[in-house]
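Here the structure comes first, spelled out in structure tokens, and everything after it is commentary.
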Amino acid sequence: MAHLAALSQLHVSLAAPAGSDTPLRRSAFKVQNISFGGKSWAPALALDLKSRNAGLTKRLSVCMSVQQASRSKVAVSPIELEDAKEPPLNTYKPKEPYTATIVSVERIVGPNAPGETCHIVIDHGGNVPYWEGQSYGVIPPGENPKKPGNPHNVRLYSIASTRYGDSFDGKTTSLCVRRAVYYDPETGKEDPSKNGVCSNFLCNSKSGDKVQITGPSGKIMLLPENDPNATHIMIATGTGVAPYRGYLRRMFMEGVPKYKFGGLAWLFLGVANNDSLLYDDEFAKYLQDYPDHFRYDKALSREQKNKSGGKMYVQDKIEEYSDEIFKLLDDGAHIYFCGLKGMMPGIQDTLKKVADQRGEKWDEKLSQLKKNKQWHVEVY
């Protein structure tokens with residue numbers, strides 16, 4: 001993952017097995033001279049060949065100074081991905097999935113995070129296009145224990161990249177996956193037989209491994225682009241931040257000719273502690289470069305206290321800014337919720353309490369938000 005800090009370097013890495021169906025191409029990274037502030041900059045390319053098991057891994061690195069590239073956007077291709085009037089839906093179905101290739105798997109949480117979360121880049125060769133806010137299905141290898149002789153059921157994962165992927169060439173997708181581990185309540189020890197089959201398969205994968213994917217699916221979390229100056233309030237717990245990473249890269253990182261964002265994107269992210277923050281460097285960079293268009297609030301339940309002295313959850317942050325949020329909703333803002341389904345009761349209770357304090361009826365307000373297509377929920 002690219003680590004974006006003001007005084008550091010931006011490092012984009014793509015790994016693929018030698019002899020794979022999709023060879024690395026210089027054009028994918030726009031390696032021709034690029035102009036920043038009137039000065040020409042030619043990226044340095046390093047090709048490192050390493051032996052790995054039976055094959056070789058090619059690793060291409062592109063480095064550039066963040067200061068030098070400040071607020072410069074990345075060129076994307078193919079621009080034809082902008083032409084479709086409707087999102088692609090269920091191009092590949094469970095009975096006939098697409099065989100994609102794992103590009104990379106990277107742990108993206110610190111040592112003090114409870115659990116492990118990985119950023120997984122998958123090469124689909126441009127054959128399974130998607131829009132921001134959609135999901136891929138993954139079918140882990142092996143047999144369904146409840147249906148002997150049949151494959152496992154599809155597991156859905158929100159896509160954590162734009163339609164152009166992390167390599168900006170429309171050929172990859174990224175998933176944000178937390179490894180599901182089961183601990184016996186009596187012994188406190190891990191029981192591998194009850195661990196999440198698909199999340200562990202993905203987090204254990206290596207570059208070059210094959211993965212069966214379906215989709216893309218979903219329309220509820222699509223980013224409405226009819227008004228480029230709209231306000232988008234994004235609320236996430238944990239890996240629920242995945243679709244918002246795609247939105248924000250499209251708004252602030254990529255030079256998309258047909259979408260020039262001029263509105264406000266406001267992200268609320270709830271995690272356990274600072275080590276559990278996901279894509280924090282990317283979001284911090286947007287905050288630095290686009291302070292008038294991006295806001296970022298974190299709820300760290302194990303490190304922060306709410307106004308009552310209890311743990312700080314994302315609903316506490318919502319309550320803290322409730323007046324602003326309600327005014328923005330009244331002005332047509334879109335609000336999104338993504339994460340574990342357990343997040344919604346606390347959030348709904350908070351919003352109802354705030355509405356009551358404002359002399360409004362929450363049920364009526366919610367109904368109107370849904371009618372206006374301002375309310376977007378994807379929980380699991």
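Just so it is clear, glycine is given a Cβ too, placed from its N, Cα and C backbone atoms.
Whatever TrEMBL says is automated annotation, not expert-curated.
The annotation NADP(+) binding site is assigned in TrEMBL to Ser158, Arg178, Thr239, Ser301, Arg302, Lys311, Gly339, Leu340, Glu378. Taken from TrEMBL, the feature domain 'FAD-binding FR-type' covers 95-223.
The number of other CB atoms found within 10 A of the CB of Gly339 (NADP(+) binding site), across every protein chain shown, is 25. Within 10 Å of the Cβ of Thr239 (NADP(+) binding site) there are 22 other Cβ atoms, across all protein chains. Across the range of the domain 'FAD-binding FR-type' (95-223), the DSSP-based residue counts are 11 helix, 47 strand, 71 coil. Cβ-based crowding with a 10 Å cutoff singles out Ser158 as the top-ranked of the binding-site residues Ser158, Arg302, Glu378. Whole-number maximum of the Cα to Cα distances across the NADP(+)-binding residues Ser158, Arg178, Thr239, Ser301, Arg302, Lys311, Gly339, Leu340, Glu378: 27 angstrom.
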